[in-house]
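> Quick one: this structure, given as structure tokens, is what I'll be asking you about.
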Amino acid sequence: MPYQIENRPPDLRERMYFPEIIRGIGAVTKHFLRNLFFTRDKNPDILERRRGEFGWADNVTLQYPEERAPYPPGYRGLHRLVPREDGRARCVACYMCATACPAQCIYIEAGEYADDPIEKYPVKFVIDELRCIVCGFCVEACPKDAIRMDSGEHTPPSYERGAQIWDEKRLLRGPPVSYQYDPWLRRGSPSIPAEKLEEMRARARPFSTVATDEYAQTPGFSVRALAQEAKDRAERAK
């Protein structure tokens, strides 16, 4: 049942704002004293070096960019496409990541292998990092563990917006990964030599390791332009 609340008019003490002013000064003073006399950095290596240099300096200033604080384990960095052992992308162009993306920043064009018509691969795989809201839905939706955000890198600075649009050449990086349930390991592939296929099967594992590397400096494209180009081709085909 709804009830009505009567709003009383503020008294003189509240209209003068003295309690709020004192409360704000107290909060500023508390943080000032804490930062002046107590440490803010929990890294023991940095703390030990600072104490060795200054003796009393527990309040640590991180000398960026020479010193960088490590990202937490769950940090969502830049995207990367996970490669297979043979260098191809694990992506099968199922469009699940593009469908799950709420920002619609992923554009994919699918193609088929000439020697394996059952499986598809991304002819174009483009991510607009400026539109990305870093929700991680694409990673969760991928059934092949083909896209990850474990690079540990944030978006690099750039003077042009087009430099933040990453294509498949720039995204395909990191250590190769194979799983025991990969279909190309079970049925084989004519384009992969038998020795290489056996090596891939031997290295296949239920879980993969995470590693990072530097991203390739490959120029990207515009996601909207690619989508419009595909739409125009479809209309011309009609």
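Positions of Cβ are set from backbone N, Cα and C atoms, glycine also.
Taken from Swiss-Prot, the feature domain '4Fe-4S ferredoxin-type 1' applies to 81-111. Summarising the annotation, Swiss-Prot assigns [4Fe-4S] cluster 1 binding site to Cys91, Cys94, Cys97, Cys142. Taken from Swiss-Prot, the feature [4Fe-4S] cluster 2 binding site applies to Cys101, Cys132, Cys135, Cys138. The domain '4Fe-4S ferredoxin-type 2' feature in Swiss-Prot is assigned to 123-152.
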> Under 8 Å between C-beta atoms and at least six residues away from its ends: which parts of the chain pack against the domain '4Fe-4S ferredoxin-type 2' (123-152)?
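Hits for the domain '4Fe-4S ferredoxin-type 2' (123-152): 71, 75-82, 89-94, 96-111, 161, 164-168, 171, 174, 177, 179, 208, 210, 212, 215, 220-223, 226.
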> For Cys97 ([4Fe-4S] cluster 1 binding site), list the number of other Cβ atoms lying within 10 Å of its Cβ atom.
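A 10 Å sphere around the Cβ of Cys97 ([4Fe-4S] cluster 1 binding site) contains 23 other Cβ atoms.
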> Among Cys101, Cys135, Cys138, the binding-site residues in question, whose Cβ has the most other Cβ atoms within 10 Å in this structure?
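Counting Cβ neighbours within 10 Å, the top one is Cys138.
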> Using only C-alpha positions, which one of Cys91, Cys94, Cys97, Cys142 is spatially nearest Cys132 ([4Fe-4S] cluster 2 binding site)? These are the binding-site residues in the record.
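Considering only the listed binding-site residues, the nearest one is Cys97.
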> How does the domain '4Fe-4S ferredoxin-type 2' (123-152) divide up by DSSP, counting helix, then strand, then coil residues?
5 helix, 8 strand, 17 coil
> What three-state secondary structure does DSSP assign to Cys97 ([4Fe-4S] cluster 1 binding site)?
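For Cys97 ([4Fe-4S] cluster 1 binding site) - judged by DSSP and reduced to three states - the answer is helix.
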> Using a Cβ-Cβ cut-off under 8 angstroms and a sequence gap of six or more, which residues of the chain neighbour Cys94 ([4Fe-4S] cluster 1 binding site)?
Lys120, Pro143, Lys144
> Between C-alpha atoms, which of these binding-site residues comes nearest to Cys91 ([4Fe-4S] cluster 1 binding site): Cys101, Cys135, Cys138?
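Comparing Cα positions, the closest of these binding-site residues turns out to be Cys138.
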> Across the domain '4Fe-4S ferredoxin-type 2' (123-152), what does the pLDDT come to on average, as a whole number?
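Looking only at the domain '4Fe-4S ferredoxin-type 2' (123-152), pLDDT averages out to 91.
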